[in-house]
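The transmembrane segment annotation in Swiss-Prot covers 1-21, 48-68, 102-122, 126-146, 162-182, 203-223, 236-256, 267-287.
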């Protein structure tokens, strides 16, 4: 049984790594895979299972931090300073990157404030199957609207052309995505596209902005729940973290490589199908009623 439970922990880490930064809602997938199927709370205990999810989320966050490590060093003015591509070498030498630490901080402020104010309320009242289904569906519609709009934009901006107002508006959408199932990346990438960024630029800024705030949020959660960690559960935590980190690296790099080509609508369609599937399990078979 111990081996089977370890495999379950790895599966959850894989799911987290695949979905945390994709615009499909990691929360929705965790409800489907864990709460409705694997039920980690049954072999870890409810409190330890909650802490386990924080740990595997950290695995995904560290993966994103690694992918964007050079950009973070540039933003913090550590190491070599790169420049924006221009029409010639002189332009490249004279135009520094516009994305800086203030852009990231401006984007983090709305979610940071609302997170501190409403984190406990959201944790207690909004983590249910019906609310997650609502978030999945509404988020999918928002993504479709963003993609339809982006088709009309002739010269979408790169991440280094972002201004502070755009950063702030994208930050507000990150706060809206605190509703479980809405998807942080789905919300912020869509908003970035609506603010006339190209899909890759919106994705880059989404991940860069998300890493520090998610590290802070996960760190606070661990401080609140670290006492729930049992020594016997440590193998689950380690394997789950490593699975989320490894799969997260692959998923993030693949997503960033493809997003300008495939856009958001395929993910939106997938979300709607996922809502239908969860609804059938929940309303048709009563699976997940206790969540």
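Placed from the backbone N, Cα and C atoms, the Cβ positions cover glycine too.
Highest Cβ contact count with the transmembrane segment (267-287) among the listed stretches 1-21, 126-146, 162-182, 236-256 falls to 126-146 (criterion: pairs under 8 Å). Within the chain carrying the transmembrane segment (203-223), a Cβ under 8 angstroms from the stretch's Cβ atoms is held by residues 21, 51, 54-55, 57-58, 61, 64-65, 67-68, 71-72, 75, 99, 103-104, 107-108, 111-112, 115, 119, 159, 162, 167, 170-171, 174, 184-185, 188-189, 192, 197, 252, 255-256, 259, all 6 or more beyond its ends. Only residues 6 or more beyond the boundaries of the transmembrane segment (236-256), in the same chain, are considered here, and those with a CB under 8 A from a CB of the stretch are 5-6, 9-14, 16-18, 20-22, 44, 52, 55-60, 62-64, 66-67, 200, 203-204, 207, 229. Against the transmembrane segment (126-146), stretch 162-182 shows more Cβ pairs under 8 Å than any other of 1-21, 48-68, 162-182. Counting same-chain residues at least six beyond the ends of the transmembrane segment (48-68), those with a Cβ under 8 angstroms from any Cβ of the stretch are 9, 12-13, 16-17, 20-21, 26, 30, 34, 40-41, 204, 207-208, 210-211, 214-215, 218, 221-222, 225-226, 228-230, 233, 236-237, 240-246, 248-249, 251-253, 256.
Counting same-chain residues at least six beyond the ends of the transmembrane segment (102-122), those with a Cβ under 8 angstroms from any Cβ of the stretch are 75, 162, 164, 167-168, 170-172, 174-175, 177-180, 205, 208-209, 212-213, 216-217.
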